[in-house]
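These come from Swiss-Prot:
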type	residues	note
BINDING	His267, His269, His279	Zn(2+) binding site
Amino acid sequence: MAETESCTFHVPSLEEICSILKSGLLKNFADVNVIVTECPDLTKEPFEFPVKGLCGKSRIADVGGVPYLVPMPRLDKVYNVNTVAKKIGLPGAYILGAGATSHRSLGMNAELIFSVQAESTSTLAVNKSYVASVNPGDGSCLLEKYRDRNNDNDFGLLSNLYACEGKPGKVIEVSVKRRIGQDNFVSCMRKSLKEHYGENAVGMGGTFLIKQGKAKLHVMPREYSACPLNTDEDVNGWLKFYDMTAPLICQSVFVSHDPGYDLRLEHTHCYSHHGEGGHYHYDTTPDTVEYLGYFHPAEFLYRIDKPSATHLVGRD
């Protein structure tokens, strides 16, 4: 795996982050409640994580990047969760987030929804990740458990990951209803932090539920585009978009400011227990939507295998 760069994030207190998020969310949602609380047991439904919490030595890893997918895919870009955990100094880490599958592993392109505890010196990896692909039969979304497809812990091209020891502890609980603004849930929180902290980059990771309503998600086709995808319009024409139904469980990573590492500032992938999942864009039912999330700031940023030639296409 290629070069790794790292830096420290600005880490405000949980109480201070609560205050900043609340003031920003109130501009975008009619009902807002943001508090510091004990992380719920995430091994329980609907999350079913392999660990109980989001705490302990928190960090964010931005691996690869969109330039390895578009304009043309770099199928040689294959990464491994266990290797990433070691590179970020946290073997055995719990890792959540959003990325792409390895074509070498699955023989297709698909969305990867990360929920995996990396291997340690004494334990094997516990991979509870999901894969969302386009059903070749009818074009619908097909959601599968990663372990039903493959026993490895690889991924490809790009990912945005939050890693921690998976311990219980204090987290930020965000509960909002009825969207009255234009920003999606994650963008609103990210922009709130950016407005307050400026170039002091704050990184956040966590999980949230879309409890009520519907949301626009996309799933990448199984086959990579035969033609170069040179613009956002090209990319959107290639992707498959869906209106998906709550409840959705969403794994999210966002950073308030890019301190010069060519970061993807936000990336969220969702899964469900009713067969739907993919890349989150925004809710489509503002009057009835309801979100409930649990988040924790990251202490460190790791940038792994940053593309040398970059662009801003396909980063929504």
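Cβ coordinates come from backbone N, Cα and C, glycine included.
Note that this is a predicted model, so its numbers are computed, not measured.
Annotation: His269 carries the greatest number of neighbouring Cβ atoms among the binding-site residues His267, His269, His279 [cut-off 10 Å, Cβ to Cβ]. Listed in chain order, the residues near the Zn(2+) site other than His267, His269, His279 are Gly97, Ala98, Gly99, Glu111, Ile113, Asn160, Gln251, Thr268, Cys270, Gly278, Tyr280, each with its Cβ within 8 Å of the site Cβ centroid.
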